[in-house]
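Annotated features, as they stand in Swiss-Prot:
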type	residues	note
TRANSMEM	308-325	transmembrane segment
TRANSMEM	327-346	transmembrane segment
TRANSMEM	356-376	transmembrane segment
TRANSMEM	405-425	transmembrane segment
TRANSMEM	438-458	transmembrane segment
TRANSMEM	464-484	transmembrane segment
TRANSMEM	495-515	transmembrane segment
TRANSMEM	517-537	transmembrane segment
TRANSMEM	550-570	transmembrane segment
Amino acid sequence: MIVKMKKVLLLTLSKYKKESLEILRDFGAVHINSCNKNSDSLKKSIDDRRILMQAFSLLKEDGGVKALKSSNGNFLDIAKSIVNLGNEIKEFQDIKRSLLHERNLISVWGNFSLENIDELKESNIYIQFFKIQKSEYKNLLRDPNVNVLLIKNVKNTSYFVSVGEFEQKIEIADEFKFNFDLDYINNKLKVVDEILDQKLTQISLFNKYIDILRDEIKNYDQIVEFEQVLADMQTDXEDFSYITGFVPAESQESLKNAVLKAGFAAQFADPEENDIIPTYIKRKGIANLAAPIFNILETIPGYKERDISFIFMLFFFVFFGMIIGDAAYGVIFFLIGILLSLSFLLKGKPLTPFHGLIFYLSVSSILYGAMTGTWFGSPLILEMFPILNSFKVSYLTEKNSVQNIIFICFSIGVLQISLAHVWNFFRQVKEKPHIHSIAQIGWLMCIVGLYYLVLNLILSQSRFPMYNVVYNVIYFGVALVFVFGKQDGSNFFKCILKSFGGIIEQFLTTVSGFADIISYIRLFAVGLAGLSISASFNTMSIPLLKSSNIGLIVAGIIVILFGHVLNIMLSLLSVIVHGVRLNMLEFSNHLGQEWSGCAYRPFKKMKK
């Protein structure tokens, strides 16, 4: 349910604005309209939080070090020390990387002393280092004016030195000049490694502060939020400051009483058309299980749109079962849910909607898999446990089962899409002009007619023979949409003329409705693909498992485990791609849902 909101303006004396915001934050229900203004204290808070986050990112969970839960130390100074150490470590790591690169360049020519080369140079013996294409080196050997010595060939490159009484210029080769030799670099690397070890040891001693810094970052998140709201407060004639926002209508009286006690004023009003109103959704029961899904997708309905959580979860239950399609996978999900729940309960943490979602979807997969007799995609399971056969539904497993499942897919599609238009009808019939809602009756007629047409074209023309009445239902439905779809309360016939301007759009929308029904066949197709994958890996592993060779048996176990883990991962991905899509695209399009909302984020103090 989307909660009704009220617009609120809060006015206080400028000298008391900090105290007023503290009271407002303690109340914890007002969504503040942010202006993203700046202030010195806000900048400082953001900079301090950035230092804390940098320090936290440099620390590691260390099982050998007991993490401190509290400390009287200055956390910011500790964080700065960690960041400085981190910068020093990065600096030495860069030096090490540069030295290793230099060593790789020199090592091709072998170990030599630059001092010896300089001494030879003083005696007019010049040694130079070059590299060249292997084919070009052979040509270079034919030049009588060049005295060269091959050091090494690496792939298609020749590394060589030239020796002479003067410096030579070999234009077809690349010359290398070195500042250090291998001995110097190796000694330098040794020193750098020792310093790095010391620095890494020093920073590891700070790992005990990881929990404290994590809590301090959360604390600074609230400080930054408070400073941002403080900066956003607008001043009127220097004596008064005010801020605007939104509050749930159910909290209006409570807020009014709270601000009166605090000594500042509040003015309430209904939101206007152009206001960006936050969407506050209250969910209960099954609908609450949708929260983790919408949080992951980051989709929020607009304030004037509808909360589809309950319907979403009803149909998602069916979609999940048909896409996963394996009862054994459902049992695995159920066991994972139990383990996750126990881990939370043992730590004293409350269970979340996510835990309920796992159990809810597990049951879906178990039910559908049991009805189709699918357990790890293998008939051997049914042979080993004959009782499982009693759960099979003949409509889904015997003759014409494929056609029956496809029929179910299309029926689910027409049910969900029709539900969207029924919902639209009941909403529009309460609004003016009431006749606009008749277009939804037209849509219902179209969808039902198109549904029968889909059954005729895809399933069976003999089982679903086409009658003229079906075409007439579609035509009449399109006519109703055409006549009443653009009615806005002005002249009836002028609104019909507006429909002529969108006649192509109307045609495409009707075709889209046909395609939307067909798209529900993905429930069958994706489920069948998952069954085929599991069956294929089962077939591959059986000869290996029947072998008397232990190595082959182990290989068979690996094959079957890999196959089913892969299939579970692909099936879960399919649930997101296809199961969520049917709710968020096909259903939402027919409902007119644009998911254009912004989240309700009340200004409140977070519990530690």
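Every residue, even glycine, has its Cβ placed from backbone N, Cα and C.
A quick note: this is a predicted structure, and the numbers were derived from the prediction, not measured.
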**Study point:** Two-stretch contact, the transmembrane segment (438-458) and the transmembrane segment (550-570), at least three Cβ pairs under 8 Å
**Key:** no
Check your understanding: the transmembrane segment (308-325) vs the transmembrane segment (495-515): three or more C-beta pairs under 8 Å (separation of 6 or more)?
Key -> no
Study note, to complete from the structure: Spatial neighbours of the transmembrane segment (517-537) not adjacent in sequence (6+ beyond its ends, CB under 8 Å) are 319, 322-326, 374, 376-378, 402, 405-406, 409-410, 412-414, 417, 447, 450-451, 454, 458, 559-560, 562-564, 566-567, 570-571, 574, 578, 582, 586
Study note, to complete from the structure: Residues outside the transmembrane segment (327-346) whose C-beta sits under 8 Å from one of its C-beta atoms, at least 6 past its ends, are 321, 352, 355, 358-359, 361-370, 374-376, 381, 564, 568, 571
Check your understanding: Excluding the flanking five residues on each side, which residues at least 6 beyond the ends of the transmembrane segment (405-425) place their CB within less than 8 Å of a CB in that stretch?
Key -> 306, 311, 315, 318, 322, 396, 437, 440-441, 443-444, 447-448, 451, 454-455, 458-459, 513, 516-524, 582, 586-587, 590-592
Exercise for review: May I ask for the residues of the chain that lie six or more residues beyond the transmembrane segment (356-376) and have a Cβ under 8 Å from a Cβ within it?
Suggested key: 286, 288-289, 292-293, 313, 316-318, 320-322, 324-331, 333-334, 336-337, 340, 382, 388-389, 391-393, 396-397, 531, 534, 538, 564
